[in-house]
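Trainee: Submitted below is the structure of interest, expressed as structure tokens.
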């Protein structure tokens, strides 16, 4: 029996490699109970050893299987990419075309190269497998479909491969507090999804998208994440946002302020029409400054705002600011920020609804290798979420009767929180229409003759639903994001078709549906051709009565005539009288 016991111990020792313990057991004599206890212990150790080996073998097998799948997926993608490559004949054709261009002696300026990249970007808007956020995405075809569905084009002068859009908020590499601020949003809008990867990577970006597309959150989240990553002084302006109007500046401030709740960051808004001294005091120790060009420049020149450490600069609605004559103010403001071309660390972001020549020139001057991201078209276009209805009125005096009928119908059938926005052309007209409607409806007005406090109060009453009807001039037509505007009524047609698109863009925002009704009279016939084009592009029904005014479209005009002429203007000469 003792011999058998020693043989068993020897067998176990070979399995568990514990020579010291086995030697000790062999030295024991006749203590049978101790032998039995030890044998039980060794048997359990033996079973654990076998189980561990089985687990290791299963894990090794799983790793080998995963490796095979990765190789198959990579091979499949390389085959797909190879099929997408252009044939050599196309390359030769492009090469010959380039040679012809070079013979003509045309030199490309930096401004022109941005536009060329934009055209090329529309052709190469394919997601890059080697991009920074590619590891978070498993279904490449889903991203291809998303890009095609929203007509997203990229133009990156530094790379032909584009970063994949961020389709869900949980893919955002930002702090938990910032992500918490997005809980009221369902999913990123196309401009947010496409620009976030580049902005979070620190690239300069030009974002072109229609009104109501969520551009404020698009530049706001990366701006606040940039601040969270700073370890040094945050009590000086680090983020600067320039807005064209007071209302848009206030709205941007409210949106950003809601995102920084619970943090130690401070944001302020500055604009004309309010006491400058109070705004100067509020700007102290603020890390985020939002303001209009004129008031910002005043406070910078006074020394109340120091922009020498601004690392994130945003020009919101850049085309509107240039249209309204703020170009020189913008250039002066930017000159007070760090220059990235001279080892400065400023990240610059332009957001605009269009891509006119003036915005291109400004971008070429102040942005460093910008990525141009376009949602839809470079040209101004109405959202297809808006149902456009054009009412042809032969007699302009019938406007008030039709307006009364529309309000009665929509206020009785609409939802409790639904709002109606009425646009007119002139300030006196706004006051008259407001006074007429106030006899029957709960209505407020907003126009240029009102004080800033009265305008803000009227806007707040409209936003809160206290007054469901707002009569406004075009001062409220650009950039304002007023929730649940179900109906826009253009009582008077605007001066330009661009203003028309911005007016109706107050409804149908952020993937919601809306309706815009426009009164069109013979006095507006010069806009008939442009209006037909807007309706056709948005796939809307075109009333037959509109064609009687003609469909010709005049050449594009600017504020100074029918041609864009760059006339050099000499500096003013100071006259000194003896």
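Glycine too: its Cβ is placed from the backbone N, Cα and C atoms.
Source: prediction; values computed, not measured.
Residues annotated as ATP binding site in Swiss-Prot, with sequence analysis given as evidence: 209, 210, 211, 212, 213, 214, 215, 216. Taken from Swiss-Prot, the feature compositional bias 'Basic and acidic residues' covers 59-69, 86-95. Per Swiss-Prot, the feature compositional bias 'Basic residues' maps to 70-85, 96-107. Among the features that Swiss-Prot reports, domain 'Helicase C-terminal' is placed at 402-550. The annotation motif 'DEAD box' is assigned in Swiss-Prot to 316-319.
Tell me about the setting of these features in this model.
Mentor: On its own chain, residue 210 (ATP binding site) has 353, 375, 376, 380, 381, 382, 383, 505 as residues at least 6 apart in sequence with a Cβ closer than 8 Å to its own Cβ.
Beyond its flanks by at least six residues, the motif 'DEAD box' (316-319) meets 215-216, 219, 241-244, 248, 252, 350-356, 358-359, 362, 478-479 of its own chain at Cβ-Cβ distances under 8 Å.
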Trainee: Near residue 212 (ATP binding site), which residues of its chain come within a Cβ-Cβ distance under 8 Å, counting only those 6 or more away in sequence?
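Mentor: In sequence order, the residues whose Cβ lies under 8 Å from that of residue 212 (ATP binding site) (at least 6 apart) are 383, 481, 505, 506, 508, 509, 510.
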Trainee: What are the sequence-distant neighbours of residue 213 (ATP binding site), meaning same chain, six or more residues apart, C-beta distance under 8 angstroms?
Mentor: 189, 190, 191, 375, 509, 510
Trainee: If H, G and I count as helix, E and B as strand, and all else as coil, what does DSSP give for residue 212 (ATP binding site)?
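Mentor: SS state of residue 212 (ATP binding site) = coil.
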Trainee: Do you know the DSSP helix, strand and coil residue counts for the domain 'Helicase C-terminal' (402-550)?
Mentor: 69 helix, 26 strand, 54 coil
